[in-house]
Amino acid sequence: MSTDDQKVGLIPVTLMVAGNIMGSGVFLLPANLASTGGIAIWGWLVTIIGALALSMVYAKISSLDDSPGGSYAYARRAFGPFLGYQTNVLYWLACWIGNIAMVVIGVGYLSYFFPILKEPMVLTITCVVFLWIFVGLNIIGPKMITRVQAVATSLALIPIVGIALFGWFWFKGETYMAAWNVSGLGTFGAIQSTLNVTLWSFIGVETASVAAGVVKNPKRNVPIATVGGVLIAAVCYVLSSSAIMGMIPNAELRLSASPFGDAARLALGDTAGAVVSLCAAAGCLGSLGGWTLVAGQTAKAAADDGLFPPIFGKVNKAGTPVAGLLILGVLMTIFQISSISPNAAKEFGLVSSVSVIFTLVPYLYTCSALLLVGHGHLGNQVKTYVGITLIAFVYCIWAVVGSGAEEVMWSFVTLMVITALYTFNYNRTHKNPFPLDAPVKNGQ
């Protein structure tokens, strides 16, 4: 267990949640939404309602159960060790696979200043170096990594908040309305196409609860950080992407590789574009620290319960799962190097997409877990949280429906493989014969 001086307070963990949510995607969102048009504002409204509902689910369940591990801990408590094991493996995979995709984007922004980074071999080596830097910072301790991420998130917020607040001085209503709906679809179809982009934008809402073991006063701070992080991300997303849609004509915005950079150059000149690239790189690379932290924490929580190899639960004097973090570093390095060829890179793109779906399954389990764990503990808020949970359910399922068929298929295959792995894990940790004569209780 982490010592009190190593634990982190409310502001750093809130910024970690916001940084993990926004990550790299925020800087490309306006270009991705340009294929739909200004009507995307309605998609944002639907998405934010769903994301806030999900954040309130995590906030409430973490106030009832502050066990470290987040979704893993809730699934295990509500549904038993099998779904706990499944949740941990899915989430652990999603965290470190997502890091590999994120570091490539972050280093890509740095290529604005160092063109040599566009060379595949140099890019790969640089990515590996950054991955290990953040593994090392995590080993130093959670307080160090949250400080680094707080600085990185603050830097990333400079162009986002700048455009969100001051971009409106260059906003043209006619530019925005001229591309109100360029999707070729009706109103409902256009909003649905927007949701396929925006629903993914709040992945990371759960990260404060996963890191509960390293947070001071988790029953108070985790719920506040969860909802606060979502609200910060929501305001940044809507104001900045809407402002850019009114600054840059739709035809140009669709082709933009750096919408925030283009908007900054339009408003303040070329130097501003360089500043945006630097801030974007900081935001992407800084979020690596937070995702590495939660990957290590969910694995440690499961290992402590006998549902993951014991090595992931070994900690140093500060309570840091050093061995688990080193294993993460090795796995990320292997995958990073193996994705250097064009064919492998294409396959890894599929793996990255599948890993995002991996996070939705724990979300669904957590929604169900709240209604089970909260049974008899929600008082006069029962109806309120049933409604909130249903909204969060729809949010997650809609995100899965909007995914590609191939991604969903491989996610299902992974679930089947994890089922087989669980039997081996059970036999490894239980030396006695399976209790065939044990009575099965109703409701269990």
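Glycine residues also receive a Cβ, built from the backbone N, Cα and C atoms like all the rest.
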**OP:** Quick one: which of ILE163, ILE191, ILE203, ILE224 does Swiss-Prot put in the agmatine site with ILE21, ALA94, CYS95, ASN99, TRP291?
**Re:** ILE203
**OP:** Sort GLU206 (site 'Cytoplasmic (distal) gate') into helix, strand or coil using the DSSP assignment.
**Re:** coil
Original post:
Which one, from the binding-site residues ILE21, CYS95, ILE203, has the smallest tally of other C-beta atoms lying within 10 Å of its C-beta?
Top reply: ILE203
**OP:** Out of ILE21, ALA94, GLU206, TRP291, TYR363, give those recorded positions positioned within 10 angstroms of TRP200 (L-arginine binding site), comparing C-alpha atoms, in sequence order.
**Re:** ILE21
Original post:
Looking only at TYR91, TRP200, TRP291, the recorded positions on record, which one has the least crowded Cβ, with the fewest other Cβ atoms within 10 Å?
Top reply: TRP200
